[in-house]
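Here the structure comes first, spelled out in structure tokens, and everything after it is commentary.
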Amino acid sequence: MTDRVTVGNLRVARALYDFITDEALAGTDLDPDSFWSGVDKVVADLTPRNQELLARRDDLQAQIDKWHRQRAIGPHDADEYKQFLTEIGYLEPDPGDFTITTAGVDDEITTTAGPQLVVPVLNARFALNAANARWGSLYDALYGTDVISEEDGAEKGTSYNRVRGDKVIAYAREFLDGAAPLASGSYADATGFRIEDGQVQVELGDDQWVGLADPDQFVGYTGELGSPQWSILLRNNGLHIEILIDPDSPVGSTDKAGVKDVVLESAVTTIMDFEDSVAAVDAEDKVLGYRNWLGLNRGDLSEEVSKGDKTFTRVLNPDRTYTTPDGSGELTLPGRSLLFVRNVGHLMTNDAITDAEGNEVFEGIQDALFTGLIAMHGLKESDANGPLRNSRTGSVYIVKPKMHGPAEVAYTVDLFSRVEDVLGLPQNTLKVGIMDEERRTTLNLKACIKAAADRVVFINTGFLDRTGDEIHTSMEAGPMIRKGAMKSQPWIKAYEDQNVDVGLATGFSGRAQIGKGMWAMTDLMADMVEQKIGQPKAGATTAWVPSPTAATLHAMHYHQVDVYAVHKELEGKQRASLDDLLTIPLAKELAWAPEEIREEVDNNCQSILGYVVRWIDAGVGCSKVPDIHDIALMEDRATLRISSQLLANWLRHGVITEEDVKTSLRRMAAVVDEQNAKDPDFKPMATDPDSSIAFQAAQELILAGGTQPSGYTEPILHRRRREYKASVAGA
């Protein structure tokens, strides 16, 4: 039984109440009683509206399901379908031309294009690594990944391989030639660096010194001129590059110019995630996340890390200070990524707070209140608030996921306004990032932006969740194509193009981020470097990466592409059509061979089991899960949603049977067990699937997938995780 504190009509879990009262409110000048009274009032006033919005989702889905069932025989009539969606209010009127007016936004969001990390906030080590990933070693990123091949004696090995190191150095020199070219010659021939009359000069041998093609790219340096250990700071497309020189270092001693590393400004922004990458089902979990968020905003989060026989404490990096080129002043740059926080969406409740009747309070309301409160510590430096600051413009950046249409965005705006009143913050302090990951938001994106025109700081496409909603919305229309074929469908290209086009049409360039989705293949960095440049080329000012290393590698793309120049080329264009966006990804004919169907079912079942077993048994919401071919993929609830919805769709239309699903799950459970055999804490599923809560959760996600709200996985996952925690506690 959870110990609770009565606050008006609310019953707050003691762990949450004590944390907020004793830790989060400390140093804010807010009176605890007044704050909790405000929480009570916000919950009472906004809960009915939240419920109405969810009922509207269900009503629209029921009408769409009925429409498709009535037309099960015969071809799909696209014009009739579009008219129907308009009549029921699913498609809403275009709001006309406007420009967003969001003010007080940090440069990292408005004018600096670069990578964005998303990290589970429940894991302090991951959170610290991500916050510190503002700067990353290009040498390390190249040496440790497959961007540099292991051919011709360049194996990684267990100790430094000079052959591989030389390849890294050559790659970095070629990168510098593109990002900060010399007036003549190449960095590949550099034998020395110096500063003369406030300008950087590079020696190309035989005492031949050349400057930069654009001298203004040199913006600072560290160290004493003439000292062997120093660095040069360059800037290109708004991002910084630092060349570290130390001829006595292990790497510098092998380099003819004494360069020991090239450091890139990498994860310009990071999203600390309370949503799809975490497993937070109760007050205990939520407090862990809130406490880490507090440490990040106060600047005092730390974590003991062990590597081999060494243990050290990881803390947040300080800002970086450089001497200006003429030697007369200082330039200070942020040492940490600018932090967003992703709240949960409108659907879920959490028993961290209940009302007097025992009903759980909407988790999105809780997150807005508590993450907003905690973020106040990141707005100013003081003894009470901590030594570091997040925003330098006084803003709090909250990503709001899984909103369906303009009315839900308007509700979020009103929620944030009420939170500001409770916290005593100026209106529009809480900024919103709109995830364009639900079909009704995509189709009405301009109206969604209009609803938050004075708060919006980003729009972002999320292919996986968006595909999950695409399948669920049209669940009754017929069997869908295979998962791997989704990316080649007309609606996908239209979806990605429209997000950029609408963002530009509403004034995002220079004011807010236009984002694109995650690279999930965590070990395939060579492929990422080759392919992910397509996102900035398409107009994205940021795109998601799975690790600090990936952030450093992806940062190269923003040196190679001037995204704001791309915006000028794209402005005024409308590349996406509504007809393409409404094209349902139905299989034109069921021409799959039995082995193809089995492969698709096995692949999805393995993916579901591999992710769900860690979610339920270990409380891990974001996992590097090997797929059926042992390729490591970054999995979160979005990947789970699409996999479970596809199988639910095939089950609904008789492509597969319930027995096919159960048989595949049992077979794939053995595969997942084997993939996790080296984990001493892993509980095998295949030996007794009936008693494995994780196995049963995976099975339920598929068999009951057709009836889950919007195809979301959270209701089943949360219930089953609580069931597992209760079983462990009672053991």
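Easy rule for this one: first residue shown is 1, then count along the chain.
Glycine is no exception: its Cβ is also placed from the backbone N, Cα and C atoms.
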- [ ] For the acetyl-CoA site, Swiss-Prot lists VAL118, ARG125, PHE126, ARG314, PRO546; sort out which one of SER159, SER277, SER509, SER577 goes with them.
- [x] SER277
- [ ] Please state which member of GLU304, GLU437, GLU438, GLU496 Swiss-Prot lists alongside ARG342, GLY462, PHE463, LEU464, ASP465 for binding glyoxylate.
- [x] GLU437
TODO: Out of VAL118, ARG125, ARG314, PRO546, ASP636, point to the one nearest PHE463 (glyoxylate binding site) in space (Cα versus Cα); all of them are recorded positions in the record.
DONE: ASP636
- [ ] With an 8 Å cut-off on Cβ-Cβ distance and a minimum sequence separation of at least 6, pull the same-chain contacts of VAL118 (acetyl-CoA binding site), or say none.
- [x] THR270, ILE271, ASP273, SER277, ARG342, MET518, TRP544
Open item on the list: Spatially, and counting Cα to Cα, which of the recorded positions is closest to ARG314 (acetyl-CoA binding site)? Options: GLU437, LEU464, ASP465, ASP636.
Closed with: ASP636
Task: Between CYS622 (cysteine sulfenic acid (-SOH)) and GLY462 (glyoxylate binding site): CA-CA distance (Å) - done: 16
- [ ] Check each residue in the chain of ASP636 (active site, proton donor) that is at least six apart in sequence and keep those whose C-beta is under 8 Å from its C-beta; list them in sequence order.
- [x] ASP276, SER277, TYR611, GLY621, CYS622, SER623
Task: PRO546 (acetyl-CoA binding site) versus ASP465 (glyoxylate binding site) - Cα distance in angstrom - done: 17
- [ ] In whole Å, note down how far the CA of LEU464 (glyoxylate binding site) lies from the CA of ARG125 (acetyl-CoA binding site).
- [x] 26
